[in-house]
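Annotated features in TrEMBL:
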BINDING   B:107, B:147, B:152-158, B:182-185, B:190, B:213, B:266-267  ATP binding site
DOMAIN    B:111-296  domain 'ATP-grasp'
């Protein structure tokens, strides 16, 4: 299928969280239906989807029925079991494609891919046992951070080493999982660039946003970011480099550390990204519609920004602030309809328009 | 129920067309679920709703189950059978309330209400038979337009009288339905004001838009409209007058003729309105979210406009233009996912941002 997806076609989305929810709304805006596949009950995306399948990724019958009911498949998170992808791909195109998933599912593969592209990354080493960890510490130094190669998210599966003596304890934290040691980067701030590539190879980037994290979770993204014109150009070029090499179709989030030695790629996410939520109130075509356009084989929006925006995540008890936020003139609320408030859980976000441009 | 509706509450929406669809998306953005009640199969709103009931307004069992499943009820069109409303209202609050429906369901009642408020309307007369029609023509003159008192929409149920001799033929067009004769108004252009009133009585208005119709169907709405500052103030005051008198809760569309003798009220619609679609790309809180906020007992957005916008309806074959429209930088697409393209059918709309302000 390379023709543009017609009105009324169905886009299958793996994962029913807030990203799937906002993708679903964007798909509807373009006249598409969505079908959500999600193991958890009552997924946030289910409230705005045409159909929902509640099943595990090991349920082949459910996967097959899901694939048969949709025209193309995309996803809101990268850690989808390989066997499920194999089965789905036999029936329908998966966009973005498998290579992007393979790379982003494994921190070591990802870092190696980026380095081989000529991009800067933090120093890193493959860790298989205590000996390889000690050798890596000798080379990279401390402080450093030990991470599982797979299934990391929002700061989970990570152990910080303040000194070489922490090696054994940090390795125990990995519980035997393959790991990667990453050296610290001396950066002034973190930005991310949300880039998209269409089925025809067209690339479009949104303006980079500047990210602030708290406890390993994104707190705010501010556009415009503090970047020189040359740094912005670098960000666009390196994102295009990554997308083109992967023959990528869809939106990708690329996190970057800003240093005197240039931009260092922290990580890539082959999907819409929390740091791109500001586009909902800053661009005519936001990151969710951009992703749907790419996946559907439609022309991309150009990423033009028409406002300065601060996106702030509403995490856990931040929901208590909603009544006050609802009274602020330039605040756009985006709540996810999650039934239970939990500490550290992303419940919604606001986009505060600070200036029309 | 006068407390603000909490996260996860369900808003029932009568009618599953494009207005219900866009209301449903706005409700989700605030963390609410929606349940659509619609007699027709596969309603556009169903693709973005938590639940859909497909049943007739005469189906009391279905109405009761619907009412039991929701926290508050609103609607996307005003011609809901009275018996259905009676049944629903016994279970759950209906917002906007019954008085607004009673008035807007009947052109004669509506015109009389507006005149009694001290507002200007076109000259009108109650028509029950040929004698009353001839008497009305003698007073109002021709050209004039004969309309059924109830169930008019997009120019249906109307007959134009060019001369007194047309009386009998026009009356035959009414097929025995109660009718109203309206005189023509000599106006320079038509505008509409989208106004909202909260549960606490707070009133907020969006900037008036200027409407152009073709074949009785809205073609474009442009903001800002050609209005003096005094005319804008008049529009706000008369809208607030109407909303307050009705103890209204929700968004209302008020269509106005601009004349040298001031603003003349054409008609009111107790719901979100096609001429308010521009707010989706011109305001932080659009008319759909504004309506949901009111219905949910939340604070209203203030209606502040941050862009000049031209909204254009995509009617019937206009859908052929979508591939080109998708390539235009400042065009936001809003398609309704209707399966069948028909002449005169509203299939979607675009908001073209002509200037950021």
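Just so you know, glycine gets a Cβ as well, placed from its N, Cα and C.
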Query raised in the report: Just how many other Cβ atoms lie inside 10 Å of the Cβ on residue B:266 (ATP binding site)?
Result: 20
Report summary line: All chains considered, the count of other Cβ atoms within 10 Å of the Cβ of residue B:107 (ATP binding site) is 23
Query raised in the report: residue B:182 (ATP binding site) has how many other Cβ neighbours within 10 Å of its own Cβ?
Result: 21
Query raised in the report: Taking the Cβ of residue B:185 (ATP binding site) as the centre, how many other Cβ atoms fall within a 10 Å radius?
Result: 16
Requested in this report: Can you see whether DSSP assigns residue B:107 (ATP binding site) to helix, strand or coil?
Outcome: helix
Report summary line: Mean pLDDT across the domain 'ATP-grasp' (B:111-296) comes out at 95
